[in-house]
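Here's what TrEMBL has on this protein:
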- 1-51: repeat 'RCC1' (REPEAT)
- 52-101: repeat 'RCC1' (REPEAT)
- 102-151: repeat 'RCC1' (REPEAT)
- 152-204: repeat 'RCC1' (REPEAT)
- 205-256: repeat 'RCC1' (REPEAT)
- 257-308: repeat 'RCC1' (REPEAT)
- 633-959: domain 'HECT' (DOMAIN)
- Cys927: active site, glycyl thioester intermediate (ACT_SITE)
Amino acid sequence: MLCWGNAKDGQLGVGVERSPVFEPKNCQVFYGRGLKEVACAGQHSMFLLQDGSVYTCGSNSCGQLGHDKQGNAPELVGALDTQKITMVSCGWAHSMAVNEKGQVFAWGSGEGGQLGLGTAETSVRIPRRLYDHRISQVMCGNQHCIALSRDGQLFTWGQNTSGQLGLGKGEPSKLAPQPLKSLAGIPLAQITAGGDHSFALSLSGAVFGWGKNRAGQLGLNDKQDRAVPCHIKFLRSQKVVYISCGEEHTAALTKDGGLFTFGDGSWGQLGHGSSNNELLPRRVMELMGTEVSQIACGRHHTLAFVPSSNMVYAFGCNSHGQLGTGIMRDARSPFPVKSTFWAGFVKEGKQGHHDCYMFVCFFSDDAHFKTNPKIPGIDINSVRLLFETLSKPAFSGLMEQTIKSFESLLIPQLPRSPPDVEAMRIYLILSECPLMHDSKNFIRLTIPFAMAILRLDANPSKVLDNWWSCVDGSVFTRMVDMYKRIVVFMLTGGKTLLVPVFYDNYFHATLRLLEKLHKVTTEFTFCPCKQAISSVLFLGTIQGNVLFDVFYTVISHLSLSLQNEMPPVNLCAYPFILNAQAKTTMLQTDAELQMQVREDNSEGFHKVPDPCLLHVRRNHLVSDTLRELTMYSDVDLKKPLKVIFDGEEAVDAGGVTKEFFLLLLKELMDPVYGMFTHYKESNLLWFSDKCFVEQNWFHLIGIICGLAIYNSTVVDLHFPLALYKKLLDVQPTLDDFKELSPTEARSHKHPSYTLTLQLGDVNKTLTITRENYGMTEVKELIPGGESISVDKNNRTEFVDAYLRYVFSDSVKEQYAAFSSGFLKVCGGEILWLFQPSELMAMVVGNNNYNWEEMEKNTVYKGEYTATHPTVRLFWEVFHEFPLEKKKQFLLFLTGSDRIPIHGMESLKIVIQSTTAAEHYLPVAHTCYNLLDMPRYQTKEILRRRLTQAVEQYEGFSLV
């Protein structure tokens, strides 16, 4: 052991020598005994040996040595003889020791409450045990202490004249340890104390300081004291691994060996070559290029160890030789101590006139230092491995204890506003805990956990959203699945386990959390978990009675809303809990309910209603349909549709109705009427602002779309998503225009409306110019637009006005007629549960193909069976087709290349044998999804004939 500095009170332990020691001096007192740790104060020192014994020397004016012997040389603290001490710390005139059980012992000056014994005693000469918290670290300031427990709690006690306890403004000094709740939840790696200020360092390098700030020692760019912990944001990105405090200055060591100092610089203790104070952390430039591994602060000086040169550098006050440079003058810049050291020379000291060291163990992986509001810095695989280990039978008792701890302590105490992003990690960790996924713990743990998340203030709540959007998709998926199961649980058995008020609160919390998760997938463009919540509850998951319960809950809400009563749970507010298939079923079920109510039929909910019967002539299809539909009310239109063509006796088993839809839409969409503009690039249609038919034709198309939904018929209408957005009161955007006309959107030019967004076009105004039968027309996009030039300031306004013109203003009457027709059939509260894409899928189907499912559900007639050789050849050929060819076949057979919203299982196709020779092509009866197929003998012939038939098909072209 080497020592130097002030020896006036015997604090160096070198005997009766009282003169300052200006160069490191070898002290042999513990030679060969295994010195573990040294702690230094203003006038006394503590020595901890490997065997757990404690020795002290120096001033004993307040009993801080813990024994009554002379302080010239280190003497054993006999009162601790039966304890195995693991760490020591000392303040100005008091001492602390922690044993292997985490128990704290204190002695010395206690007038400020710094001993934590509950009384303000002037001196305590025999160590006393504080309290029962298991402590891992304890550090002493002049007259205050800070302790970190093994379970991560922080405690402070003692003098609080400058807010050094961190308990809040106006709090008096404390005689006993007080929990510092403002840092609860942050995983702390180190605590330390200066004269009257305190610091805490998190595992990921977040630095928090509080207390006296007269010289800027908190690094907050001012001189105001702080009564609560404050985040030193300047150091957040520096990867700080260790903090040391002097009387009124602070030093921070980074993972890459950088040294920052701030606070009082009057003695040069900051090492910046001056005696100026620093209000912000500033790097010691003289040590740039070297890697510092250990630092320590005395009262007015600083030490830094550079292992590459085995040199200790000192700077600051040297009035008593505490720099060890051999020179009797202060040093404002790092100056080498007159001795050679080695990397294994390890010790820590506190705010005295001595040197002090702390060995810093660097992390091999510094990913956790990147923790910020967008990156959680957590290793999910390690979390899962931990929980996997704890889930083993050997830890069954521990897990039961964990459940109780989660239920009564952890989850209820999760704060609304965590002190730092590191405290937010608990939300990701808990979501991975198997206990949270066990249905037995839904009410005790999982739903209260959801409530804790929902209590978060706006900023931490946004942080959690950011993290969910960037973590491994499985984290998000597990979270969604966990609360999806709770929804099913609440709809089934959960209601019987809870009193109504708790049931409502718990159900609301579950739905609101799922809503929060759903928003994450919609707000973040590059979210790895978008598919995780695309449909939270699948129809296959909630069917039968459970689906009816969902529907009943929704209907109850609607009924009570009409009576101005608020139901307990409003599922209409959470439309994402059902996928499109379930919503479609609910829409159709709602129609059945309306019909039952109207007919006042008490014979049962599932009575088959009378059909909506249409008598039409093929050569007067539009006029007859308009006439027939005027005879029916809105509710009647929701009945199953049955069509009879004049002069035909065919029984409508679905095929005639499908043929009716195809023929009617083919005529309505005939380009000769000019009802729609066809965008060739996208093959999409939009309303034309100039047409030659009455508005009731648009009204009829709207009704037909609604009827198609209620009659489970897919119609091949090439409308863009923008139409379905408008039906749900969602405004179309530039993306919708890009879907309609991609090239035009990119070039900012419209084929009929000259739309130039080039800022250099000084003559461009907020108007559009269109050609109308050889005549040029100028339309103002906004009132007075002809006199307003387009520039960078109003460019957005120009684009918005143009989109409004294309999607709304220019086709207002046409769209209004279509909308009124559609809503006449499908209007109602259930409709608002749908997303635009889901509504679109109800009308035109979707592209969620499952060709194996289609094969499995196919029906065979005539000689054909699933094992017939020709049938086997057919499916071999079909499955070898590329996707586009398969879609062509679907169009050829069913009239649409999309499938019903209920999926492939609802698409029944029929293949029947014919006696035609092999040179004949297969024939499709589109209205019945029926394929007449000759008995082809070879795969090649079948492939050739089927390909010819598919490619020659023109179908009921609607454009």
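Just so you know, glycine gets a Cβ as well, placed from its N, Cα and C.
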Across the repeat 'RCC1' (152-204), what are the DSSP residue counts per state (helix, strand, coil)? 3 helix, 23 strand, 27 coil
Assigned element (helix, strand, coil) containing the residue listed as 'active site, glycyl thioester intermediate', judged by DSSP: helix
Could you give me three numbers for the repeat 'RCC1' (102-151), the DSSP helix, strand and coil residue counts? 0 helix, 25 strand, 25 coil
Limited to the repeat 'RCC1' (152-204), I'd like the whole-number average of pLDDT. 95
Secondary structure tally of the repeat 'RCC1' (205-256) (DSSP, helix then strand then coil): 6 helix, 23 strand, 23 coil
According to DSSP, how is the repeat 'RCC1' (257-308) divided among helix, strand and coil residues? 3 helix, 21 strand, 28 coil
Counting by DSSP secondary structure, give me helix, strand and coil numbers for the repeat 'RCC1' (52-101). 3 helix, 19 strand, 28 coil
